[in-house]
Amino acid sequence: MINVGVFGASGRMGQAVIQALADDNEAKLGAAIVRKSSNSYGDSATENEPVHFISADELQPEQVDVLIDFSLPEALTENLKLAEQYQLPIVVCTTGLSEEQKERLAQAAETVPVLYASNTSIGIALLEQLVGISSAALPNADIEIFEAHHRHKKDGPSGTALSLGQAAAKGRQQSWDQVNDGIRADGLRSEEGIGFSVMRAADIIGEHQVTLAVAGERIEIGHRVSNRKTFADGALRAAKWLEEQAPGFYSLQDTLNLQDILQRMLKQ
């Protein structure tokens, strides 16, 4: 049985992961980690297991085998220090990370297994692959990405939307910095630019659509999430996989073995 520690355990996604663990036969909640200022601090985190909400400095290494981080970007540095100190694999699902914070992830991956996924949906992992293949096959297509989330989401474009843009650029062997148009204030696209449209409304959990358009036709590849359990299940699946890996920097695609699947299909 794998013991899982959850950062941001009192938040919406933290609670979804705790519920997923309660329904799982291979893993269980080892630690529910929150800030000491949280209203949940000290309370019971589960109904059936004697696990209470604790702060990060109260975590004991024997409590957990792997960590899942659904906390805020400002907590990342301390969370990574804890993973490094106790040599624990960590799945980082926090969105809105800066480039400096992403570099810190890569640094931590030199000593512990780190998996970074701004979106832990298996469907999104597949979508990124499809976008990369499609952009490579249609090198002259205009690419636009639309994303929609709930009204309280703070970052935009979402980390997932940016990952899709990066997948498209990689498919064309382009520099992401050179083709990223961002959210265009004037509506004008650059020659090879990849642009973004953003919606924040009501309780939308997550929608992403990538459009590849050429004269006379277009391809639209999309993904919608209707339940946060999708993300929790994906994060837990990633944590189980990561617990068995050597130190390194991994993505959700690595857990799905998509490269081998694609190579096998191409040989048929």
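Quick reminder: no glycine exception, Cβ is built from N, Cα and C everywhere.
What Swiss-Prot records for Gly8, Ala9, Ser10, Gly11, Arg12, Met13, Cys93, Thr94, Thr95, Ala117, Ser118, Asn119, Thr120 is NAD(+) binding site, and it gives sequence analysis as the kind of evidence. With a 10 A radius on its CB, Thr95 (NAD(+) binding site) counts 19 other CB atoms from all the protein chains. Secondary structure at Thr95 (NAD(+) binding site), as computed by DSSP, is coil.
Long-range Cβ contacts of Arg35 (NADP(+) binding site) within its own chain (separation 6+, distance under 8 Å): Tyr41, Ser55, Ala75. If you look up Swiss-Prot, you'll see Arg35 marked as NADP(+) binding site, on the strength of sequence analysis.
Counting every protein chain shown, 26 other Cβ atoms lie within 10 Å of the Cβ of His149 (active site, proton donor/acceptor). Marked as active site, proton donor/acceptor by Swiss-Prot on the basis of sequence analysis: His149.
Secondary structure from DSSP puts Gly159 ((S)-2,3,4,5-tetrahydrodipicolinate binding site) in a helix. Sequence annotations record features per position, and here Swiss-Prot assigns (S)-2,3,4,5-tetrahydrodipicolinate binding site to His150, Gly159, Thr160.
The active site, proton donor annotation in Swiss-Prot covers Lys153, and the record cites sequence analysis as its basis. Here the Cβ of Lys153 (active site, proton donor) has 16 other Cβ atoms within 10 Å, regardless of which shown protein chain they belong to.
The Cβ of Gly159 ((S)-2,3,4,5-tetrahydrodipicolinate binding site) has Thr95, Gly96, Leu97, Ser118, Asn119 as same-chain neighbours under 8 Å, each 6 or more residues away in sequence. Neighbour density around each Cβ, counted as other Cβ atoms within 10 Å, peaks among the binding-site residues Ser10, Thr160 at Thr160.
Shown in sequence order, Arg228 are the residues of the chain, 6+ apart in sequence, with a C-beta less than 8 angstroms from the C-beta of Arg12 (NAD(+) binding site). Apart from His150, Gly159, Thr160, the residues listed for (S)-2,3,4,5-tetrahydrodipicolinate, the same chain places the Cβ atoms of Thr95, Ser118, Asn119, Glu147, His149, Lys153, Asp155, Ser158, Ala161, Gly206 within 8 Å of the centroid of those Cβ atoms.
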